[in-house]
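Novice: Here it is, the structure, as structure tokens.
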Amino acid sequence: MDSRQNYHPTDQPPVSQAALDTPIDPPAAAPGSRWKAWAGRVDAFTEWASDCLNPLVVKETRQALKSRQFTLWFLLLLVGCWVVTIGGVALLGPGVRYGAAGGVLFSAYYCVLLFPLLVVAPFAAFRSVAAEQDENTRDLLTVSTLSPAQVVQGKLASAAVQVGIYFSALAPCLAFTYLLRGVDVMTIVMLLAYAVLNSLGLSMVGIFLASAFRQKFSQVFISIILIGILFSNFWGGSVLGASLVQFGGMVPEEGLGTMIAYSATTFATSFAILYFGAVALNSFPSSNRSTALRVAASVQHAFYLGWMVCLWGASGMDDDVAQAMGVLACCYWWIGGAMLTSESPVLSSRVRRSLPTTGLGRTFGAWLTPGPGTGYFFVLSNLAIVMATALGMMLYHSQSVDIYTIVMLLVAISYVAAYLGVGKLLIGLARAVTPVTAGACVLIHLLLLLAGSAAPFLIQINMQSLRYLDYSFLQLTNPFWTVGGMGAGAISDDELIVVVAAVGSAAACAVLLNIRPTWRELHQGAAATPERVLAELAALNPAPAEAPKSPWDEPAPG
């Protein structure tokens, strides 16, 4: 009889509690499985990162690296590096072991590196945007799911990748020059940072210019100007590099930090303005193109005032510094005002949906909304801040006010208010008759300023009785001669009274005439978002599913 027929579980010997508590060791891992798991995690991360990347970056980078232009310049960079290495070592001879030859070789390597960074990469970024217009693909990018900011970021990132490849090819040679002595680490770091940042800044300039000028004939003209700018930067960077390597020890350390901080803030704010400008130029005409630019310009203006106040205080409250601060601010805001007052006075439904709806938002955000009237008073408010800053500094340091400097600033601001106000009114009259583009509006401002400045200048230099006068009332419409004459002290007190009265009256009339159109702009009001748009946004951005908070909230299996 089979013994299994009489088997019962209770017949087994009891198992001790210690045996039950003993953990069971997992099976030993196969050799190399840990590295395979680590490689799998790296692959998963790279796949996730590639999905997060801007698709335009991948497309532009792949297209640029496969192009003949990149291959040619990269090979020329390697050839130039090889020539400098072999030629430099051959010329220096056995003395390379004992002398400080690193500075000479670094200057040569730096010139080789600067050409692709400051000429090739920025011009490639310009041509990348211009080619979208030549191949009729710019409209396709506009209607794609990519935002205008992603388009600009993709073009800029492609240029940055090329800069990184050029830079990495020459990095071993730069380290080689440090080992040869003759150049310190700080000089190398500063010059390389200058080269990289300058390359990115010039690439942003190229993207902005290609976005602003879309016609074929204008792109040819702008490309010639851009090439001149790029070669000028290349020459200046080469001279700067050689000078710092040779005379770097003579640079005073006291103002070096201040100079670097000033350069960094100027570069960052200018880069932001160019970036937001390129984004606006690649946006729909009905979108809000102005608010980001106004914020960036205000930030740059704030940094400018801060640095000028520091310079004014360090100079012992020199009046020339205050006058230069006001005149430069007026020039800056006339250029900005010529663009801001060229915007359309009618806000689209898309822009009106983004307007602030609260009373506090409308009070403080009104001048940031698009429109020529709001842009005009936005410029005047920033110039009023310049005047308030000058008055505050005078009262804080000397407990008194330099009347002549304040009057000069007032006259300069009045010229800006008058010319921008009259130009805005002329643009409004022209728009009542025919459609006027933004470029034509800027041209109207420029022609108005040239007519008011060049006409009296030509008349005075061609009249025998007025040719040798330091100043005549014929130049009342000429801001350059009038403000320059005030700075040089060429205007008498009696003439100054007439100048202040005439220019101030013209500015006041221009401001008063622009109040009503601006009032109509401000009363367009915010618009509610249509239900159709809300439904489309909800479909594009669905709300995440609510996760169960406890085991009882989980769905039943099956």
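Placed from the backbone N, Cα and C atoms, the Cβ positions cover glycine too.
Curation does not apply to TrEMBL; its annotations are automatic.
Dumping what TrEMBL says about this protein:
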REGION    1-22  region 'Disordered'
COMPBIAS  1-15  compositional bias 'Polar residues'
TRANSMEM  72-92  transmembrane segment
TRANSMEM  104-126  transmembrane segment
TRANSMEM  156-179  transmembrane segment
TRANSMEM  185-209  transmembrane segment
TRANSMEM  221-247  transmembrane segment
TRANSMEM  259-281  transmembrane segment
TRANSMEM  293-315  transmembrane segment
TRANSMEM  321-341  transmembrane segment
TRANSMEM  376-396  transmembrane segment
TRANSMEM  403-430  transmembrane segment
TRANSMEM  436-459  transmembrane segment
TRANSMEM  497-515  transmembrane segment
Novice: Can you name the far-off residues of the same chain, 6+ from the ends of the transmembrane segment (376-396), with a Cβ under 8 Å from a Cβ of it?
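Specialist: Those are 294, 298, 301, 305, 309, 312-313, 317, 322, 325-326, 329-330, 333-334, 336-337, 340-341, 367-368, 402, 405-406, 409-410, 413, 416-417, 420-421, 424, 511, 514, 518, in sequence order.
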Novice: Do at least three CB pairs under 8 A connect the transmembrane segment (403-430) and the transmembrane segment (497-515), leaving out pairs fewer than 6 apart in sequence?
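Specialist: Answer yes: the transmembrane segment (497-515) meets the transmembrane segment (403-430) with 3 or more Cβ pairs below 8 Å.
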Novice: Find the member of 72-92, 104-126, 221-247, 403-430, 436-459 that has more C-beta pairs under 8 Å to the transmembrane segment (185-209) than any other listed stretch.
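Specialist: Top-ranked stretch among 72-92, 104-126, 221-247, 403-430, 436-459: 104-126.
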Novice: Please figure out which one of 156-179, 221-247, 403-430, 436-459 racks up the most CB pairs under 8 Å against the transmembrane segment (72-92).
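Specialist: Top-ranked stretch among 156-179, 221-247, 403-430, 436-459: 156-179.
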Novice: As a test: from 221-247, 321-341, 436-459, pick the stretch that has the greatest number of Cβ pairs under 8 Å with the transmembrane segment (403-430).
Specialist: 321-341
Novice: Six or more residues beyond either end and a Cβ under 8 Å away: which residues meet both conditions relative to the transmembrane segment (436-459)?
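Specialist: Residues 334, 337-339, 341-343, 419-420, 422-423, 426-427, 430, 466, 474-481.
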